[in-house]
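A.B. asks: My questions will all concern the structure given below.
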Ligand SMILES: Nc1ncnc2c1ncn2[C@@H]1O[C@H](COP(=O)(O)OP(=O)(O)O)[C@@H](O)[C@H]1O
Ligand SMILES: [Mg+2]
């Protein structure tokens, strides 16, 4: 496990003072967070802490009420998923957001189809999809023309991840990618997550599973009731301390 | 071939039920009433199926989104009335009236689509209201008890005249060569890129099958159908056939080969995922309604041409249900995300064959409706069951 000295490198993504309410319910309070390239940042927090909401704000799904967002030090404003994608931000959503009636290639290129003139360039898309899946060392899908409805949970997760890395993305955010997976599939996905960071991408991994978090992450950011209560190096904390942060929002041995 | 069988087992039946149904129905009616199996009746089938198939083609776009347009029948009535009244009472030339009728359809679709996509009213309610309102509009435009005649020879020709036999073969040649060219080009480019491609045998088989099928069709339609050919000759492919073929090719291209078509399927499959993929879901919804109502206008023009008149019931009674039935019988899912424009044509033919065959057998309209309703229910059950099967097999 290697991470570069944080002082040497400005964060790829920096969030400051993010607030978000749904009606009367304030889900995010003054959230700050930074994510570095080449690292896996684990975002932890109890159910309902606001993790998915934070991710959707970054991805342009929900507008944030207030707050600032910086990419490589310059301020950006994201109003739609397309704008997020243009900044190199790709999100693998908790519910995967795949279209069951479309095949793997069609899903991977959804909304960003390759065309020549008016006509879809199917061979090119199929080839690129194949290449991306191969580069992720995915051997589990036999044909990329399979409809997504015929895939297993692990295969769907892989397709969703492949969809995110297809685009020269710089930041990949994965929302509980292993929640519905078995042991072997979980290991495979975690390996993939680590590989993304080792290839120089900034990665945010949302997970409930402490083993997963300690297995792959370089840093841990903890949300508690919509507030960012800690951002620490993984090597500086113990399982018990992180669990305490998640459940009570504070920890004895924590050096904020 | 094996892949095809496997996908059928998974509940992906495609055009199979409609084609099988067509063959069975044709055999049964031909045995019971030999007159069914004549060139004259064969030509009738196409003109009978035309209006319903054209409306059903547009409905496929709306059904793909999991929405419905119950007003498509009377939309075609309103547009037919616009055509007839502007020609008969304003004396507009046929092309101006036809343009007005089609624009009327598009505007209706825009309004329906806006109410569904932007105002968020369920399409069932919006189009049920429109169904009632348009019925009234036709009554107001045509005036109750009236019939507006259509005299323009060009409009009349659309649904009642035929191509010369030679022109029929020219169209046949264009269709087969065009289809072969598309197939060969796509196979070559897929091979060059090294991705999955059909074998040349499969391509040859497909092109051959299309050529034989169309060839038989043109040959039969080119036969003399007149009882007394010396007085008036009646032969050739009905003009509506190339009209339907045009929209079939256009719609198939749009759905299968363009990003727009891909997005339509995506929104029908998972609209939230489509939104997150950056697709403008509202725009896709509105456009589907515009296409649907515009095709309804085309259907209305064909209906007006066939009857040489428009009355308050044009596009009414069973037209809409037959059109929805045609799409579903052809294999388009009522749950959204699955369907093709070809379904509308195949299903339209099934509906026309039932209507025509049972008419020849002397059954009353009552029996015909009951049978058609049963067939629609059967098709919807196949749809629901195959969907269940597909979700179980994951
Ligand atoms: N679209 C929404 N509308 C209203 N409330 C929402 C919406 N999305 C999330 N919430 C609420 O926001 C809170 C945080 O949810 P979420 O971000 O999904 O938490 P987490 O992903 O950390 O489990 C929850 O109380 C949830 O009910
Ligand atoms: Mg969540």
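Yeah, the Cβs are placed from backbone N, Cα and C, and that goes for glycine too.
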A.B. asks: What range among B:262-280, B:319-337 does TrEMBL record as transmembrane segment?
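C.D. replies: Of B:262-280, B:319-337, TrEMBL gives transmembrane segment for B:319-337.
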A.B. asks: Which of these ranges is annotated transmembrane segment in TrEMBL: B:45-65, B:339-359?
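C.D. replies: That would be B:45-65, the stretch labelled transmembrane segment in TrEMBL.
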A.B. asks: Below 8 Å between Cβ atoms, which of the listed ranges B:12-33, B:93-117, B:124-142, B:162-182, B:236-255 makes the most pairs with the transmembrane segment (B:203-221)?
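C.D. replies: If we count Cβ pairs closer than 8 Å to the transmembrane segment (B:203-221), B:162-182 scores highest.
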A.B. asks: Are there residues at least six beyond either end of the transmembrane segment (B:70-87) with Cβ under 8 Å to its Cβ atoms? List them, or say none.
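C.D. replies: Long-range Cβ neighbours of the transmembrane segment (B:70-87): 51, 55, 58-59, 93-94, 96-98, 100-102, 104-105, 108-109, 112, 124, 127-128, 130-131, 133-135, 137-138, 141-142, 148-152, 155, 292-293, 296-297, 299-301, 303-304, 309-310, 312-316, 319-321, 323.
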A.B. asks: Counting only residues 6 or more past its boundaries, what in the same chain has a CB within less than 8 Å of a CB in the transmembrane segment (B:45-65)?
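C.D. replies: Same-chain contacts beyond the ends: 72-73, 76, 123, 159-160, 238, 240-241, 243-244, 247-248, 251, 255, 264-265, 267-268, 284-285, 288-289, 291-296, 298-300, 302-303, 306, 319-320, 322-324, 326-328, 330, 332-334, 336-341, 343-345, 347-349, 351-353, 355-356.
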A.B. asks: Hey, which of B:93-117, B:124-142, B:236-255, B:319-337 has the most Cβ-Cβ pairs under 8 Å against the transmembrane segment (B:283-304)?
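C.D. replies: By Cβ pairs under 8 Å, B:93-117 leads among B:93-117, B:124-142, B:236-255, B:319-337.
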A.B. asks: In terms of Cβ proximity under 8 Å, which residues at least six beyond the ends of the transmembrane segment (B:93-117) contact it?
C.D. replies: 67, 69, 71, 75-76, 78-80, 82-84, 86-87, 123, 126-127, 130, 134, 152, 154-155, 281-283, 285-298, 300-301
